[in-house]
Amino acid sequence: MKLWRGALRAALGLALLPLLRPAGAVEPISLGLAIAGAAASALTGFISYPRLYCYFRECCLQRHDRRAAVALQENLDRKLFGQHLVNKVVVKAVKGFLNNTNAKKPLALSLHGWTGTGKNFVSKIVAESIYKRGLQSKYVHQFVATLHFPHAHSINLYKDQLQSWIRGNVSICPRSLFIFDEMDKMHAGLIDSIKPFLDYYELLDGVSYRQAIFIFLSNAGAEKITEVALDFWRNGRTREDIQLTDIQNALSVSIFNNKNSGFWHSTLIDRNLIDYFVPFLPLEYKHVKMCVRVEIESRGYAVDEDILTRIADEMTYFPREERIYSDKGCKTVDAKLDYYYDF
């Protein structure tokens, strides 16, 4: 069966090579017409040309929305540790948005927490759940503040470029995903240039942005998140007792009033255009060990419990007296494994 499928795929690929061209330039045609009846009479009408085109080439809206939501849930359950709030909020927000055929605005998530707690990792999983190529997809766009917007005197230029880039890419693919990293290093006022695209407009110059997704990553607000987590710990309550309502309002206010947040007095917050401020809790010793174990297993090596414990013990923790949380999360686990294992 596998050999037959492989042969069929090869035949279809060769037959369609002359026909593969940008999707916008081709009208839908049936499979029978596409291959002129060559070895496919039994499949005529089974699949349309656009779907077949997307089998060989990446297309916008590549994965069915329900499949994307399932993939997102499974990956977060399996790969993300110690972040029950993130798991719950991100899955519900993305799943609800993907399944909403009449969204009133784009989805905007702002992820906050210390380095190494999983913000980039979660944005990567979201991208992979929607597009097979994940962050490498041509419909997923990443901006790093210090790389793409380094100079304060060029803010007006950056604003124009950013608007043009978003407008152009959403025009090509309504389900475009935009990720803004290092928001805490972005110049104040710059992010407000994308406000029209996040607002409740049906169309802007003939373009709808209501299917797009915007994700912001920031270390800003990490102190407030840690403060709440410590209060729960000192009162004998577990981190799993923490609810989004215990943090979200204080977190948004803290970010809005922080000159180094990238959202300082931002209209995105003032107009309630950020749908969720998602707190990443600082990771504990047990979570670091989970990260080490998964990384070892992902490399195909047997887990050495002694090395696993040694790596977790070598991490630094805070506050100094209690030593509860890893100050780098799981960020340096990969490098430490290279030292202990002869890969």
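Any Cβ shown, glycine's included, is placed from N, Cα and C.
The ATP binding site annotation in TrEMBL covers Gly113, Trp114, Thr115, Gly116, Thr117, Gly118, Lys119, Asn120. Feature annotation from TrEMBL assigns domain 'Torsin-1A C-terminal' to 283-340. If you look up TrEMBL, you'll see 1-25 marked as signal peptide.
Projection of TrEMBL feature records onto the structure.
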residue	record	Cβ neighbours (10 Å)
Gly113	ATP binding site	26
Trp114	ATP binding site	24
Thr115	ATP binding site	15
Gly116	ATP binding site	22
Thr117	ATP binding site	31
Gly118	ATP binding site	27
Lys119	ATP binding site	26
Asn120	ATP binding site	17
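Sequence-ordered, the extra residues of this chain that approach the ATP site, with Cβ no more than 8 Å from the Cβ center of Gly113, Trp114, Thr115, Gly116, Thr117, Gly118, Lys119, Asn120, are Phe121, Asn219, Phe280, Gly329, Lys331. Residues of the domain 'Torsin-1A C-terminal' (283-340) grouped by DSSP class, helix first, strand second and coil last, total 32 helix, 5 strand, 21 coil. If you average pLDDT over the domain 'Torsin-1A C-terminal' (283-340) in this model, you get 91.
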